[in-house]
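Visitor: Sending over a structure as structure tokens; questions will come in a sec.
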Amino acid sequence: MASTSIMLSSFFSFFFLTFFVTYAQQNVTVHTICYYDGGNFTSNTSYSLNLNRLISSLPDLTPTINGFYNISINGEVNAIALCRGDVKPNQDCISCITTAAKQLVESCPNIIEANIWLEKCMFRYTSRIILGQMEPVPFSYTSSNVSVTDKEGFSKGLGDLLDSLGAKIDAANETKEVKFAAGVKGTIYALAQCTPDLSESDCRICLAQIFAGVPTCCDGKTGGWWTNPSCYFRFEVYPFFDLSVTSEQKQPLSSHNNNTRRSDQGKSKDRSKTLIFAVVPIVAIILGLVFLFIYLKRRRKKKTLKENAENEFESTDSLHFDFETIRVATDDFSLTNKIGEGGFGVVYKGHLPDGLEIAVKRLSIHSGQGNAEFKTEVLLMTKLQHKNLVKLFGFSIKESERLLVYEFIPNTSLDRFLFDPIKQKQLDWEKRYNIIVGVSRGLLYLHEGSEFPIIHRDLKSSNVLLDEQMLPKISDFGMARQFDFDNTQAVTRRVVGTYGYMAPEYAMHGRFSVKTDVYSFGVLVLEIITGKRNSGLGLGEGTDLPTFAWQNWIEGTSMELIDPVLLQTHDKKESMQCLEIALSCVQENPTKRPTMDSVVSMLSSDSESRQLPKPSQPGFFRRSASFSISLNDVSLTDLSAR
């Protein structure tokens, strides 16, 4: 299924493991991605007919020397297929590609763009031109459940093997027929591969990004793999590829061989060099002028946008607090007044001269929130007025100091109650239900009730504050994005937020919309119902909360999900309805998730009259305890810890 990678765990014997790999590995799905945000097609349309034609033509492909295929039907459907470098480019290769294509269209019905990696081949199709395009995202990586005994020695061996693979890939790049390398270091077996249509530099960049991420993906583990549309890497502690290819690998040419080649080629090559030296400077000058024009045009546009933003920010001068006033109000930011801390800074309680209690967020100089995020939070919050959103009183700027001044919420954040074994008893079912309803109404206001749609992008329990009646207020808008009503989705290369709450299409592809907030809301509701953190302890190894809840729901053991603290106070029908709403919100396909308008409507209706669609599997769904997917548990350097 989409966004799901599978990793073989350890078996009881080497013989059984080897048998399974050699017999079944070709048809094991490593990674499938359905680009839901890329659009759909309907049956009997031109795209549908051409895609079917392309799929049906695959068994008749003619074997190529490198197992790579670029296929296009009427320029409307474009596909790329590639067999692993150790697979003979014969009918076995074509059979794997055909199987992959059939699995892909079944997994991603009516989706315009999708890709799949099987053990021995990959296949992708789309409506756009992809030949020769290096695309390191979307990516997926998976690690073994088994840890190595000698982590330091294993890491050194793997590092040496990565260096060796890189050198072999560079040598393979010279042929431009196959960009593949495999190697063995002690008991570690590894391979790496790029699609042959990539340039030498693009292949090197693609694999360099993968190699740099290996410690994050698989540190101390006995195996792991990483796939993206353009390249692939895998390592194990058992032979999973044809070992004969390691002896056939082309090594970097020595200087002696290079000199011999130059002598053999003679004067014809010298003439070619003369021509190249004459043409290259002219082409470089032309390209330089083109790039300079584009750069100046973009800079002028950015300058205009920046000036507009600065003018809008200056219009908030009435909300500006004197820095000394805030410093005195917090007793010089005394530790005794500290009420919270996050990745962006520390929050203090304070009292203004008129007696008004305030909460002051003092942004850290080294925090992930820069001036842009600070201004975003100020500009957005000044436009928002809703009882379930925290109220911004103002801000203060002095040199490198940046302060945000909010209304003081006495009970701090939801997570401090929900996951505290003592305080959680204060949250009976009625209070938890009111929190769910309040957060849903706050999100609905952001998505549909404010001047422009706003996507929060970092909804989680620590960003939900509780007032004196334990009613919720959504806070922290530094990562929020504002849209116009005609365009409520976007793609970003900088993924920010908290991983366990991120929708799969956002975490893996950078695509976000109002449905990414819906996913985060679903995770939050599951935490409120169960009293458990997502990816927390007590769920079983390698299991996140949506998977844990889904498994109980399909097995008919949903009541086991209810926080034991609630057993005497919860309304069974109401809690089960909330569970189904949450599971609907964390579905893998964003188009199947309800809108917040639908969620509020379902929560506001009588429990007997609610019509809930049957939810499908959640994003990052883990099919078995025998398999592990590391995506929910990893922190990326691009993420801002909050």
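Counting begins at 1 with the first residue displayed.
Note: Cβ is positioned from N, Cα and C throughout, glycine not excepted.
Since the structure is predicted, the reported quantities are computational estimates derived from the model, not experimental observations.
From Swiss-Prot, here are the annotated features:
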type     : residues                                                   : note
CARBOHYD : N27                                                        : N-linked glycosylation site
CARBOHYD : N40                                                        : N-linked glycosylation site
CARBOHYD : N44                                                        : N-linked glycosylation site
CARBOHYD : N70                                                        : N-linked glycosylation site
CARBOHYD : N145                                                       : N-linked glycosylation site
CARBOHYD : N173                                                       : N-linked glycosylation site
CARBOHYD : N258                                                       : N-linked glycosylation site
TOPO_DOM : 296-642                                                    : topological domain 'Cytoplasmic'
BINDING  : I339, G340, E341, G342, G343, F344, G345, V346, V347, K361 : ATP binding site
ACT_SITE : D458                                                       : active site, proton acceptor
MOD_RES  : S462                                                       : phosphoserine
MOD_RES  : T498                                                       : phosphothreonine
Visitor: Taking the Cβ of N40 (N-linked glycosylation site) as the reference point, list residues of the same chain whose Cβ is under 8 angstroms away and which are at least six residues distant in sequence.
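Guide: In sequence order, the residues whose Cβ lies under 8 Å from that of N40 (N-linked glycosylation site) (at least 6 apart) are N110, I111, I112.
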Visitor: Among all the protein chains here, how many other CB atoms are within 10 A of the CB of the residue listed as 'phosphothreonine'?
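Guide: For the residue listed as 'phosphothreonine', the 10 Å Cβ neighbour count is 23.
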Visitor: Mind checking which of N44, N70, N145 has the fewest other CB atoms within 10 A of its CB? They're the glycosylation sites.
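Guide: Taking N44, N70, N145 as the glycosylation sites, the minimal 10 Å Cβ count falls on N44.
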Visitor: Do you know which of the binding-site residues I339, V347 has the most other C-beta atoms within 10 angstroms of its C-beta?
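Guide: Its Cβ has the most other Cβ atoms within 10 Å: V347.
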Visitor: Neighbour count first, Cβ atoms within 10 Å, every protein chain included; then name which of E341, D458 tops the list of recorded positions.
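Guide: Selected residue: D458.
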Visitor: What three-state secondary structure does DSSP assign to S462 (phosphoserine)?
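Guide: The three-state answer is helix.
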Visitor: Using I339 (ATP binding site) as the reference point, find which of the recorded positions N44, D458, S462, T498 has the shortest Cα-to-Cα distance to it.
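Guide: If we rank N44, D458, S462, T498 by Cα distance to I339 (ATP binding site), first place goes to S462.
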Visitor: Any idea what the model's mean pLDDT is for the topological domain 'Cytoplasmic' (296-642)?
Guide: 79
Visitor: Where the distance is taken from Cα to Cα, which of the recorded positions N44, N70, N145, G345, T498 turns out closest to D458 (active site, proton acceptor)?
Guide: T498
Visitor: Using DSSP with the three-state reduction, classify T498 (phosphothreonine) as helix, strand or coil.
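Guide: Its secondary structure by DSSP: coil.
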Visitor: Find the one among the recorded positions N145, E341, S462, T498 whose C-alpha lies closest to that of N44 (N-linked glycosylation site).
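Guide: Its closest listed neighbour, by Cα, is T498.
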Visitor: List the Cα distance (Å, whole number) between G345 (ATP binding site) and the residue listed as 'phosphoserine'.
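Guide: So the Cα of the residue listed as 'phosphoserine' lies 14 Å away from that of G345 (ATP binding site).
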